[in-house]
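Okay, so here's the structure we're looking at.
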Amino acid sequence: NETTVTEFILLGFSSNPALQLCLFGVFSVLYSATLMGNALVFVLICLDYRLHSPMYFFLCHLSIVDICYASNNVPHMLRNLLGQGRTISFAGCGTQIHLYLILALTECVLLAVMSYDRYVAICHPLRYTLIMNWRVCLTLATVSWAFGFIFGTLQASLALHLPFCGPCEVDHFFWKEINHFFCDMAPVIQAACTENNGIETVIFIFCIVVVFGSFLWILLSYVLIFNTILKIPSTEGKRKAFSTCASHLTVVVVHFGCASIIYLRPKSTCSLQEDTLISVTYTVVTPLLNPVVYSLRNKDVHLALRKSL
């Protein structure tokens with residue numbers, strides 16, 4: 001006598017009202033800064049012709065991904081922290097998972113594409129405009145979004161086709177608890193009422209293909225980049241070459257570090273507190289990191305901002 005779930009209840013962070021109010025204030029500030037920072041980077045790149053280059057073209061796409069990524073999870077989380085209801089419909093939960101996977105995987109591929117752009121700029125500077133022409137840039141951006149959409153849709157479909165049983169009934173709605181602050185893949189799969197080891201294995205393989213494949217591409221690009229930089233005779237030349245990669249490397253370390261800890265570590269080592277902390281970093285902090293890192297370290301963005309102001 002199993003009944004299909006129509007709603008999930010997100011347990012969130014804590015039942016302490018004071019702590020919830022504090023977290024609401026912190027996350028509201030971070031979310032607002034994420035929206036404004038990424039929107040500012042996007043607008044500056046569109047308005048200033050000096051930023052119409054392949055590197056900023058991909059950064060523009062990265063800003064779009066970060067705005068959508070944060071907006072997919074954070075507003076509902078803020079609503080829950082205010083005590084406006086912790087429930088989310090099955091369709092809403094499925095949509096949240098689907099968009100979350102598409103955007104996260106798209107960002108992985110975009111970061112790999114940006115590493116290739118840096119490789120061409122440093123290792124083949126005289127042929128940069130020929131290799132990274134606009135047709136190539138549009139193709140690479142399209143491939144990034146296509147990879148994210150295809151692999152994200154496949155993973156979400158596998159997870160959402162599992163049977164979910166609703167042991168609790170309130171006003172003819174059958175619900176089940178999810179011990180998380182948003183509909184993430186792992187806790188939703190754990191809420192299914194059947195054995196799901198095969199589904200978890202398939203999803204793990206998908207993550208390996210996209211996340212680890214993107215990371216290997218980035219690693220290979222930077223091995224070639226560092227090999228070229230070490231051959232530069234002047235110290236100033238080496239410093240300038242390293243500075244062009246520092247921003248991208250910072251974002252790569254944080255993004256792939258969090259993604260690897262969440263999705264590629266053994267399940268036996270997982271703890272709820274660690275997963276929640278890492279997920280908060282991945283969901284709230286990482287989208288803010290991109291505009292901050294690229295803006296603070298980039299003279300071209302500073303000049304574009306002064307000109308626009």
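First residue shown is number 1, and so on along the chain.
Glycine residues also receive a Cβ, built from the backbone N, Cα and C atoms like all the rest.
According to TrEMBL, the feature domain 'G-protein coupled receptors family 1 profile' maps to 37-294.
Residues or ranges marked as transmembrane segment by TrEMBL: 18-47 (among others). Sequence-distant contacts of the transmembrane segment (18-47) (same chain, six or more residues past either end, CB-CB distance under 8 Å): 12, 56-57, 59-60, 63-64, 66-67, 70-71, 74-75, 77-78, 81-83, 284-285, 287-288, 290-292, 294-295, 301, 304-305, 308.
Sequence-remote contacts of a segment are chain residues at least 6 beyond its ends whose Cβ falls under 8 Å from one of its Cβ atoms, and for the transmembrane segment (54-72) they are 31, 34-35, 38-39, 41-42, 45-46, 96, 99-100, 103-104, 106-107, 110-111, 113-114, 117-118, 121, 132, 137, 140-141, 144-145, 283-284, 286-288, 290-291, 294, 300. The transmembrane segment annotation in TrEMBL covers 54-72 (among others).
Beyond its flanks by at least six residues, the transmembrane segment (97-116) meets 55, 58-59, 61-62, 65-66, 68-69, 72-73, 140-141, 143-145, 147-149, 151-153, 155-156, 159-160, 182-185, 188, 210-211, 214-215, 217-218, 221-222, 248, 251-252, 255-256, 259 of its own chain at Cβ-Cβ distances under 8 Å. As annotated by TrEMBL, transmembrane segment applies to 97-116 (among others).
The transmembrane segment feature in TrEMBL is assigned to 136-154 (among others).
What TrEMBL records for 203-229 (among others) is transmembrane segment. Counting same-chain residues at least six beyond the ends of the transmembrane segment (203-229), those with a Cβ under 8 angstroms from any Cβ of the stretch are 105, 108-109, 111-112, 115-116, 118-119, 122-123, 147, 151, 154-155, 158-159, 185, 189, 238, 241-242, 245, 249, 252, 256, 259-260, 263-264.
Annotation comment: TrEMBL describes 241-264 (among others) as transmembrane segment.
Sequence annotations record features per position, and here TrEMBL assigns transmembrane segment to 276-296 (among others).
Long-range contacts of the transmembrane segment (136-154) within its own chain (CB-CB distance under 8 A, at least 6 residues past either end) are made by residues 54, 57-58, 61, 98-110, 113, 116, 206, 209-210. Per-residue confidence over the domain 'G-protein coupled receptors family 1 profile' (37-294) averages out at a pLDDT of 81.
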